[in-house]
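Okay, so here's the structure we're looking at.
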Amino acid sequence: TFKVYSNMQLSVSLGSPFQRVTVIMDTGSSELWVNPDCTNSYSSQQCTSYGRYTPSSSSTSHDVGAKFAIRYGTGSVNGEYFTDNLSMGGTTSGIGAARIQAQQFGVANTSQFSTLGIMGVGFGYQLDTNYYNIIDQLYVQGVTNSRAFSLDLASIDASQGSIIFGGIDTMKYIGALEKRPIIPWRLAPDRYSRYWIYMTSVGITPPGAHSSALVTGAGYNQAIFPDSGSTLSQLPAALFNSLIAYFPDAVSQGGGAYTVPCRYRNQAGTFDFGFGNTTIHVPWHEWFWFDGNSCWFGAQSTQSTFLLGDSFIRSAYVVYDQDNSNVLLAQAANCGTNILAIGTGVNAVPSVTGACTASASSTSSFAKATTSSRGA
């Protein structure tokens, strides 16, 4: 079983014999790297517990002879490229396992900020990398029919969610999957190949209200991308200010971030994000993030790189279809498991209405799903 834990951690195995490491799955970047510098991480003890990859201990490792450097919003990493066998899914063969031969990835020499490595599942070859990244290799090596995958992060209270490479689970969402075209990199705000799409409305439904109060006007069209590598969302200042105004006792913590009284997490309000004909309702319980001490508003105000982080994705079922340049969204739910393969061509993602009803909300308990070889 291939697990995606509640904070987007997942386990992968590298080398021969396999060496298990834990990484963060990130839809906002494209490369896999491992072995963070634990002396520069938030928690050295926690960092070392996530496993290490030693190339010399693998009979199938190969030093590419090239260095890499990646900069993120909160830090950077430098190291060397290797290729080696990679397995996801807990076993090395059979249904539920995804195995890749000679996958290129980075082995860090120095890094800042991170206690784990990162597995980027953004655009790869000829767009963001000069080699086949994981999404490319799954397709090229015949594990999937196309460069597409679905993500069910699941409720903040769930122990794990799931990612299905090459498939969707029709019992993890409500209604139709709304197809949103990915904005080409030439037209994207940062001119990078990301999962940029247009968000068409934002509203808030306070506790006890029967309808959403829009904070955006007619014709609203905001470029934004769903980024599983970010805990909080990052919103334009005007939009952020319209939302935070509903919480007059919010306290600024600097950097565009706010804390709020934790009582809000137990109230039955929603934040409502529109994408064409579909609105994703994010319960306050999912939006306000409790870090063990304080409750944080689920978004920060920023001037650039607008994204919807885990505070949003927990309430959405998201399908990333690279080959057709679409992101598909529906309201997340959980009423069982029914995995269908994503095929090929313009209608590769099955046009299947979700099997769940509104009562199977995104806060339901999670039932494990498996990765699939072509959704099997």
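Quick reminder: no glycine exception, Cβ is built from N, Cα and C everywhere.
The domain 'Peptidase A1' annotation in TrEMBL covers 8-330.
What TrEMBL records for Asp26 (among others) is active site. Asp26 (active site) carries a strand DSSP state (E or B).
Positions annotated as active site by TrEMBL: Asp227 (among others). Classification of Asp227 (active site) by DSSP places it in coil, neither helical nor stranded. Neighbours of Asp227 (active site), defined as other CB atoms within 10 A of its CB across all chains, total 25.
Taking the domain 'Peptidase A1' (8-330) as a whole, pLDDT averages 92 in the prediction.
Each residue contributes its Cα atom, and for Asp26 (active site) and Asp227 (active site) those atoms are 7 Å apart.
All protein chains considered, the CB of Asp26 (active site) has 20 other CB atoms within 10 Å.
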